[in-house]
Amino acid sequence: MPKFSYGDEIQIIGVLKEPIRSRNPEEFDFARYLKIHDIDAVFLSYILSHIKVIKKFEAKTLNPIEILKKLTYEIKIAGLKIFDELLPQSEASFIKGLILGYRGEISKDVQQYFINTGTYHILAVSGLHVGIITSMFFVLTSFLRVSFVFRVLLTILGLIFYAFVVGLPPSVVRASIMASIVLIGMAIERRIDIFNLLGFSAIVILFFDSKQILHPGFQLSFSAVASISYFYPKIFNFFSKNFPFATKWFILPIASLFIASISAQILTLPFVVAYFSKISIISILANVFIVPLVSLAVPLGFATLLLYPISGFIAQMMANSLWLTLNLIITLAKFFAHLPFAYIEVSKEISFYIVLILFSLMVFSKIKFQSPMKRITFAVLILLNLYIYIAPNGVISILSNKLNAEDSNLEITVLDVGQGDAIFVQFPDGKNLLIDGGNKTFNFDPGQRIIEPFLRKKGIKKIDAILVTHPHNDHIGGIPYILEKFEVGTVIDNGLNYNSSIYKRYLELIQSKGITHITVRAGNKITLTEHARIYVLHPTDEFIKSNDKEDNYGSGHDANNSSVVIKIQYRDNSFLLTGDAEKEAEDSMIKIYDTFLKSDWIKVGHHGSETSSSPAFVSKVKPKWAVISVGKYNKYNHPSDIVLRRYNLIGAQIHRTDEEGAGVFRSNGKDIEKIQWRN
């Protein structure tokens, strides 16, 4: 493969595709993310050896901005290589994200430590980093025999250069604009209002790219600065009056960090909850310890880069100090993240209530009272009103419950887990049932990547019951992870022995966590909620006995036909969930249940394979909705055209996860509605 770099024109063979939109509710929307960054398509190529450089970069053919981009890109690449050479992999990947804006190599575990401790902002090059760099430039220029104004000019040019090196993210552009204006104000001896400065920075960024207002980085960056600017003086004055010792010279730096951390949390909290579904309890304390170390690591990182061309030995000595600092930062983040009270997981919907509370508090702070008693009385009234309207048994909830008493909903979400099944049922009383867990591969766990984020964003902390239809990997794959991460009330399965490492792990977790484990057979009822009846239609004892033999371990056909099949009856609506049941199982159910199989909605058996959905079975069920959970471009050519034709002939509406992603269906007991969950 030929060498090429920024600015070169290349020829490459591949496929141009539209970016994939989110396939499941609450999932990261890759297409939306790319759109915000002005990327409209993705290009896939598997023949890298065919890349040809048509035209090399020529400075004279490009405008100054492109030349600057080329130069800063090459410097960034050189910096990445230096860190790779001088530091171990973990610390190198961390510092590359910290000062060069390249976070692609930071492990998911390390990122999660910082998310859980409310210190993730240090991984995004932002105001903290720009502030440190501004100070560095200003100190370095002080050694030059130049005027103050010229030092300001050099520092601003340095900030612009650095912003290009890290790729012009909104947080850096915002901080650089603000720092530059403050420096100009110092040069002309003018004091600048921080909120005017913040507003001007936002206008400049949005003038060039209005889509940035949708970017989480833009929202978090501006809300953090606004929050610190507004609340820091008020909180500092409160501490000064009530805790005078906090202003002593040896305590002041720690107190200032503590107050700044509290201040930053206030207005960023709604955004953090909306994007991460977490509230970090430990964040204030974690920031007090970690931020000073970051303030040390950033100059050490830059010193390492600057010294490397001069002396590799001195650069290595500097890198050793940097390694120690980075290692301590990661260790502290891990320590705080693993504390039992480090964070709480919440539903993203509470971000609305947080905004309501913050607005009430800000209004309260603006009102002047003649006596302390009036202030206390007004505060109590605000809190009581918030409680009455927001609390679980408050006015809103009571009115909502009364209005919806005759219109409570049952919701079924068929998640898109590729070639597998994972279905979440939420009943009107809040009880829930997870059916299967998708297909786990060597580098993909649907429990971790799809099911957990979906449940967390919905505010689900406990899964009342998990039903494993049968022990094949494409149905049980993500369940062990879910058993590890969630409180689970009951696990239900068919009791079929199966020889796989995932199945063994599944049984071990059930036993070690003391989870109630129930084996069901045709004719049983699952008692989970008073609002719906859950009937077990399959398997019979005969199917299990004929398939539960050692020589059948791994036999797909036999395990499929031992799938647990349930029917959920909610008022006038019925839902049939068939696992991977094939023709033999269907014939058995027809013989036993006949017309009781009639259902409004069916999860089509075995991903729409021709071995399932026999004409007799389809005519007995005669659903209005047929949902097929199947992987895009799967090697089995599921679903079968024959099966699709059978459901089309009876007038069923078909939802395929390979074409539409997850399907969300809501029933009020009379009608079933397909919900459009994408924005």
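Backbone N, Cα and C define each Cβ position, glycine as well.
Note that this is a predicted model, so its numbers are computed, not measured.
Among the features that TrEMBL reports, transmembrane segment is placed at 120-141, 148-165, 195-214, 220-239, 251-276, 282-310, 322-344, 350-369, 376-399. Feature annotation from TrEMBL assigns domain 'Metallo-beta-lactamase' to 419-632.
Here the domain 'Metallo-beta-lactamase' (419-632) returns a mean pLDDT of 92 for the predicted model. Through the fold, the transmembrane segment (220-239) approaches residues 121, 126-127, 170-171, 174-175, 178, 194-195, 198, 201-202, 246-247, 255-256, 259-260, 262-268, 271-272, 365 of its own chain, all at least 6 residues removed from its boundaries and within a Cβ separation under 8 Å. Counted as Cβ pairs under 8 Å, contacts with the transmembrane segment (322-344) are highest for 282-310 among 148-165, 195-214, 282-310. Nonlocal intrachain contacts for the transmembrane segment (195-214), taken as residues 6+ away from its ends with a CB within less than 8 angstroms of a stretch CB, comprise 32, 35-36, 38, 170, 173-174, 177-178, 181-182, 222, 225-226, 229.
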